[in-house]
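Undergrad: One structure, pasted below without further comment.
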Amino acid sequence: MSVRLLTVRLIKHGRYILRSYCKRDIHANILDQNQLKTRSKRGFPLPSTAANVLRTTPQQAAKSVVNVVPRTINSPSGSPFNGSGSSPTSSSGIFRVGQHARKLFIDNILSRVTTTYSEDLRQRATRKLFFGDSAPFFALIGVSLASGSGVLSKEDELEGVCWEIREAASRLQNAWNHDEISDTLDSKFTIDDLEIGPPIAKGCAAVVYAADFKKDVASDGASLHTDAQPQATPAFAPNSWSTHEMMSPLQNMSRFVHNFGGSVDNVFHYSQPSAASDFVGAQSREQDQRHHEQQQHQNQEQEQHQNQEPSSSAFNVTSPANSNINSSVDSYPLALKMMFNYDIQSNALSILRAMYKETVPARQRGMNEAADEWERLLQNQTVHLPRHPNIVCMFGFFCDEVRNFPDGHLLYPVAQPQRINPQGYGRNMSLYLLMKRYDHSLRGLLDSQDLSTRNRILLLAQMLEAVNHLSRHGVAHRDLKSDNVLIELQDDAAPVLVLSDFGCCLADKVHGLRLPYVSHDVDKGGNAALMAPEIFNTMPGPFAVLNYGKADLWACGALAYEIFGNRNPFYSSSGGMARERGEMTLSLRNSDYRQDQLPPMSDACPPLLQQLVYNILNPNPSKRVSPDIAANVVQLFLWAPSNWLKAGGMPNSPEILQWLLSLTTKIMCEGRPQMGAGLMPVASCGNRRAYVEYLLICSFLARARLRRIRGALNWIQNVVA
């Protein structure tokens, strides 16, 4: 026990003792008088002594108390006794001492188990802070702010500028992603408003037809139909943002220079060649040399066969075919996907309830006013995926009856209803998805064209950006494969990659990307060959969880082999024509493979990206990078200064922010979407080739954070060290 506490207790207890001995018996007299007054009012007879007490005034009662001497009776032993036979003074004194002893005992216990003193001090400090004596406190805050080490640090100010960059890039990205078709679709839209063209593709669960709006429907809305593909509206439309709003980060350039040094001229320092350009330049020089040798050999052969016509006629045969394909794309710019319905009753609400995952990327989600409560609850629990340039452009969806479309009896006779095909097993209604039409799938593009190294890197960067967009919004695709990745081609521009077919996705607001796996009835996803090891090996149990946080990223690592010209290590080629050709290969099993068993990638893939793919395909998810870091690594490889990707080239935060500002300046000044021929968004400089690059840079800036960029740079430094 401390001396201070002991002193406080002695003073407190001594004060109680002094009060007890000096206290007059006033409360007892007042209580007696009140009782006597009550009896007199009720008419009860009072004793003479009581009547005398009532008739006397308080002053007379006080005098009588002083003058009255208590009468005593001498006992045989000589000690005075009163009528009751006990001494009132001694009994009352003992009673008072007992009372105070008990009170001291209780106070001592309460002082040990309560925090009276701490509460008093806390309340006193609060009163001083808010009602008085707060000047020293705020004086310290003023001194800290004046000295520069205040509440906001330099890192916070840098993040503030980075936030402005994200806002400007998001506005520009929204202008690119805007379309007028999804805004005009409503609940009254039906299959009769479309003109159905030839079939494009067919899968096990759906068929895709080329489509376009009918002429009469187009006349009702002037912007609903054009002769070309529906694309983004210009950024400087009447309802779009102005240049002042889009270029808000550039207005803070002076504040950035004042606080962190440097000059505006340093922005152009970051236009130096990146690591990707160096690698691609070396590759292109080697290819040019080989091409020159092949050209000389072909010239020699042409000199020998220059008078022969078969080669020229063969060339003329392929040209009209390509023109017919292009004309069909121009005349049918939309794609209509019809889902096969075998077991769902022909009711719009039932169909939407069973196939709601297909509608996750839809841009227009019209809610019927007569919808049931369960339908509203279902849509509230489902994640709505925001627009992104690397996610399929799905304008909307609707339910309607199944029609007798072209070649339906040949492509899907079993899925047709019996009113169309008597041997069919399909229902009369199904779900229709209206999308933008694309040129190829990733598998078709890789099989038909010989892509350059830079285009392959751009494809990988776009796929990682799409997967990162899904992960940021709590969606897992769970069925990534080369057939579900669509490609848009336009002239000589780099291909645009989008993810499609969300029928097996996980989009749950309740559980997010961590799905409880209590039984085998829970669906793990669609593609078992490209299923992440942590998903494939998880067994059901009361506490088992399927973590899809890095599952789609793992599938991207497997598809990276295909993008750079290698065989997918998790696909096998056995039987059939592969056996006859001697191309039988064994694949890795995603359940028990080791990282050192991964086959080497081709030389077309840069060494840094090879290490990234090997890291993505690590069987242990805790050792993989996150989707955000993986996308940042490829973006840094494409656009960052090459010395940042060398050993010891780690930049500081102001240098990173200057580089981000230079990228923002580039896309704001050069990459603003303008309306080109056919309503195609092109760069303001007219270079369609750079359109994909501007899309990638804008997607990167729309989510740029210094902490995440430094994390990607740290990973790069660990690899190149």
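We count from 1, first residue shown onward.
Heads up, the Cβ atoms here are built off N, Cα and C, so glycines get one too.
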Undergrad: Say a student had to find the phosphoserine annotation in Swiss-Prot: which of Ser20, Ser277, Ser346 would be the correct pick?
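TA: Swiss-Prot annotates phosphoserine at Ser346; the rest carry no such entry.
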Undergrad: In Swiss-Prot, which of 137-153, 528-544, 681-697 is labelled transmembrane segment?
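TA: Checking Swiss-Prot against the ranges 137-153, 528-544, 681-697, the transmembrane segment one is 137-153.
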Undergrad: Quick one: give me the count of other CB atoms within 10 A of the CB of Glu358 (Mg(2+) 1 binding site).
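TA: Neighbour count, Cβ to Cβ under the 10 Å cut-off: 22.
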Undergrad: Could you work out which of the recorded positions (Ser346, Asp501) has its C-beta surrounded by the smallest number of other C-beta atoms within 10 A?
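TA: Looking at the recorded positions Ser346, Asp501, the Cβ with the fewest others within 10 Å is that of Ser346.
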